[in-house]
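Participant: Below are the features I grabbed from TrEMBL:
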type	residues	note
SIGNAL	1-31	signal peptide
DOMAIN	37-200	domain 'Thioredoxin'
DISULFID	75-79	disulfide bond
BINDING	75, 79, 165	Cu cation binding site
C-alpha cells in the first residue's frame, strides 16, 4: 500500500530493525523513578480518535493494562525505538499480552491524522493503537498526563519542524489508575518484567 507519509518520515519498519542499536537521546525525557505512585493524579478522562475515525475514550480501554506513550510520526528516534521495545515486550509476555493495550498518542495533531497514526503503529505492531484528535483534545490529554512538548522550526515550510516532547511510558491499571512509570529507554525485558509483576500483584489481591 502506498503510504502518503512515506516520503516525509522514517519508515517504522526500518526503525524496528534498528531499534536495538539506536539511542533515544534527542527528545526531552522526564526522569521519573519506575515505582508505583497510587496517590498520583496522572491520567484521567480523554476523548480521542482512532484510525477508523471512531471516537475512543479512556473507558474504551477499561479492563486492560495500558502502556501510554506520547510522540509523533515524524519523530526521528525516540518514538520508533520505544514503540519497538514495547512490541518486543508484548512478544515476551506471551498469553499475558492479551491483558495489555499499548496506545500511542500524538503530540502533533496538525500532521498526524488518525489514519496516519494507524498506519504508523500498524507498521511496528498491529497491537499498538495510534490515537489523534483535535489540538484541544491533544492539549487536554497531554495536560492530564503531564506531558511536555515544544515545536522547533527546522525550515520555512509548513511542515518544517520537529517536536521536543516527554518520552515517558505510563502504565495504567485496568481500573484506569496510574500504576507505574518508566523512561523511554527502558529495555523490552524490563517492560515485560514490570508488567508481569503488576499483573501478579493484582491477581494476588483479587
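Backbone N, Cα and C atoms are what each Cβ position is placed from, and that goes for glycine too.
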Participant: Counting across all protein chains shown, how many other Cβ atoms sit within 10 Å of the Cβ of residue 79 (disulfide bond)?
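Facilitator: Excluding its own Cβ, the number within 10 Å is 30.
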Participant: Tell me the Cα distance separating residue 79 (disulfide bond) from residue 165 (Cu cation binding site), rounded to the nearest angstrom.
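Facilitator: Their Cα atoms are separated by 10 Å.
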Participant: DSSP three-state call for residue 75 (disulfide bond): helix, strand or coil?
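Facilitator: Where residue 75 (disulfide bond) sits, the three-state DSSP reduction gives coil.
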Participant: Taking 10 A as the limit, how many CB atoms besides its own sit near the CB of residue 165 (Cu cation binding site)?
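Facilitator: For residue 165 (Cu cation binding site), the count of other Cβ atoms within 10 Å is 25.
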